[in-house]
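Engineer: The structure under discussion is supplied below as structure tokens; questions concerning it will follow.
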């Protein structure tokens, strides 16, 4: 299928996910009959109550244009950039995946669980330039909260498009430096369009360096006599290494808990990111063999996730670890918006069990973000000097603020594009315009299914969660057109019906009378009409009596056939 | 009923709400046959999805001891201190209510809506000492985010108990000063027990002064040419006055939107807290008569509440106000934990409609808290010099941190009490002990009902919200013990059943076979057993097929009787 939004010499650039949201990143660069896809992420829904595990982009456009796809290119190994790969591969033919370093391990690990994928995963190196038809790609290393994060330069016949990936500039990083000179070189030679990370566009500062956090963690460790429990993001391999180093420096053994943290440890040690003297890591089952002052526990649960290790420790339901007076819990993390309540509950429980708790604050600095603040965004813009600018990776206000930063640092007014998912930016060496829209949206993943949860189901769950459900079941004799017995009223999540027998019997009578009336005035059983009638009379009656609006589920059973 | 937890000379002090939570404040001081109740608040549930409007304390203890109650004393007019009064009065006989200033107006306003309450509301003055049987009370003014906030001193035969109410120390307040000398005088004469506000125990600073906010708001106003929309807490009367003053200083008219904000304006002007030259306030319907640069709009919705004025403005559904380019929205507020997502959505929508948005940040300082930071908590402790210390008004970790602050400022170790709601502290001039527990808990208010929503209903709503509900209805002929027709499967919030007809028909067959089996092996219809069987087979089948756990609602209809 030809993309009829684009003229022949135009390069199309658009997001299928990542604009107006933090998550499910997926950007597409299209030129004539070729498509490059950058990243394939998931989004963790803000609202944990509606039973949705995560959200992926609508892949329809890619499915319909799958013959054009040359490759999927991964910037780094975070879930909001790689988590959607198994779902994408089930629906869309992708000839190969390019990724680097730890992302390769994480993607392979992910695909092993979903058998039958045979797509080659090719590891790219920073110095490479890879030709993929009329387009080619090169790379530059950035700093981020997972090792091996890269920005991508897409070399098109119309000019270079730079996608920063997730980045910050950390002048004293735990891992290697960002490739300042490669970035500067791209800018010197001329960049047509910059797509840049907007996550921290509201932060007026420079994001703090990892080495500040590292120093603080070491400092805190030297002051603590008892057992130390540190919760952090499992993907932050550098941070885990810092915690290990602080433990070694204070003569502590390290035990690791939580599935994703154990995977980090395994991959991190395999790849040489996590290093420690022989005997530092102990078997989690041997915890009791070591005195408290010689133990560090690293675990998941820094976001208050109910099933994670730290939450179970706090609740007293962890199999191996029970809190003791003198234990100190360090959060080397900040709550992601939406998780504050969960984190707050965890902290309260930890305090109740007598633990000391150290959270990230301006006084402790036990955590720093992986994303560029405004000053770093400006530095990127100054180095890249793009003709056109499209802020990506952020909610609308972040994109908007970032676009202003672009203009303040030299992008010509009118050359900045704050877009939505699906909006196609068509660029040539001279011009840029919004050419139209391709299909983009959200697909909900719940349990093992893909996309069988639609917005109606979500809306129903929301209604159910507010006032519960009330069901009325009416049995009709097909021949006599008379009700059989009394309508049955039953409910869940509404009120205790057993304590409201009067209400129940009134509802049953009301529905019975109303349905019998309609039946008596009719010669056929119009099920949909009867159901509407039942819903109407019950809704009104219940609201009048209780000021509530439970969902009404009318059921009509027909007997005697 | 005698409180058999207390010895005759002991004064009992306990909370029915306010410990381990921020909200539904209610503290009780009991001495022999007399009870004083301090505050009667509600709690807004953190989780807005379960359809609970708010939570009140369990009043059982007060109901059973209502003959002992001498008075309800109100510290200030916030909902978490007065919102429960109508519910309390419906259940418990309260002879009189003491309140002061704006709280009197707000309580009267509240009780007018609930007719039939004849309890006298007596306005106290700061210089008064009121004798209520063997106990008497006096007052000291504090600073807080609503005018007329007071601390209460309860003079008992065993010594003085001080309850700070909600407070901060603002050395340059918008309203009158706190009563430093009255507080110091209490301390000088000797205080047995201090109950002090713990809300900001995690804040290592002094809470910023209202006058800093006032200056910043004025400063921002002078820099803005277009229309200004300010959202703040309706109860923060001083803040509203500051916004009015900034408007007058920059030649702006003021229009006020939102029901609670209009009430603030009315009460505030009546009481002289809100003052402006004639003609400053305009009729909200006449908005279009004035040019944009001469308009300030003050409205509700600073917490992203979906139905509040600002949210409707942001969504484009407000009847009178539609956003224009050049409009500036100022949040003179901070999001309360749990509201971040709603606020974030509102801000994104405002940006989309082209408005500039100024939120509270270290750069703008458009808001400050009404609660004491650690330094102020220390000052209170230093001035009061209590023998015993019970941190109140906060989640567990806040109480715990505050208790340590108490010890660091001179409370003897062991004399601090971090308690839960219902825990009775028994004090005499020489001793303090936790004497036991009275009934305390949460009552959920939803719609017009009181307390008919129990924890089972809440749990059901949570389950419903996660995977929805699936109902299976089986009709059994009583005489033949055979199923009539096929079982009917219906669902809400699960998956689109119409798109999964195979699943539905398999479930129907499975349930039918299973129930018929059980019936054939039996001579009577054991409804509860059959229901359990239906739930079991369906749960397993559904989980195997979909990895989901919808709530199962089995229904058995019996015919032919």
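Any Cβ shown, glycine's included, is placed from N, Cα and C.
Not measured: the values here are computed from a predicted model.
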Engineer: Let me know which member of B:318, B:367, B:393 TrEMBL also records as binding Zn(2+) 1 at the site of B:76, B:80, B:81, B:144, B:166.
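Structural biologist: Same Zn(2+) 1 site in TrEMBL: B:393.
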Engineer: With an 8 Å cut-off on Cβ-Cβ distance and a minimum sequence separation of at least 6, pull the same-chain contacts of residue B:368 (substrate binding site), or say none.
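Structural biologist: Non-local contacts for residue B:368 (substrate binding site): B:207, B:208, B:209, B:210, B:212, B:213.
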Engineer: Provide the three-state secondary structure of residue B:80 (Zn(2+) 1 binding site) computed with DSSP.
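Structural biologist: Looking at the DSSP assignment, residue B:80 (Zn(2+) 1 binding site) belongs to a helix.
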Engineer: So of all those recorded positions, B:80, B:144, B:166, B:197, B:393, which one's Cα sits nearest to residue B:369 (substrate binding site)?
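Structural biologist: Looking at Cα distances from residue B:369 (substrate binding site), the smallest one goes to B:144.
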Engineer: Considering Cα atoms only, can you say which of B:236, B:370, B:371 is the nearest neighbour of residue B:144 (Zn(2+) 1 binding site) among these binding-site residues?
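Structural biologist: Checking each of B:236, B:370, B:371 against residue B:144 (Zn(2+) 1 binding site), the shortest Cα distance is to B:370.
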Engineer: Across the domain 'Metallo-beta-lactamase' (B:23-217), what does the mean pLDDT come to, as a whole number?
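Structural biologist: Taking every residue of the domain 'Metallo-beta-lactamase' (B:23-217) together, the mean pLDDT is 93.
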Engineer: Residue B:371 (substrate binding site) to residue B:81 (Zn(2+) 1 binding site): how many Å between their Cα atoms?
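Structural biologist: Computed Cα spacing between residue B:371 (substrate binding site) and residue B:81 (Zn(2+) 1 binding site) is 14 Å.
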Engineer: According to DSSP, which of helix, strand or coil covers residue B:371 (substrate binding site)?
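Structural biologist: The residue in question, residue B:371 (substrate binding site), is coil (DSSP, three-state).
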Engineer: Note down the number of other Cβ atoms within 10 Å of the Cβ of residue B:369 (substrate binding site), including every protein chain shown.
Structural biologist: 15
Engineer: Restricting to the recorded positions B:76, B:78, B:81, B:166, B:197, B:393, which ones have a CA within 10 Å of the CA of residue B:370 (substrate binding site)?
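Structural biologist: So the list is B:166.
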Engineer: Report, in whole Å, the straight Cα-to-Cα distance of residue B:197 (active site, proton donor) from residue B:234 (substrate binding site).
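Structural biologist: That separation, Cα to Cα, works out to 22 Å.
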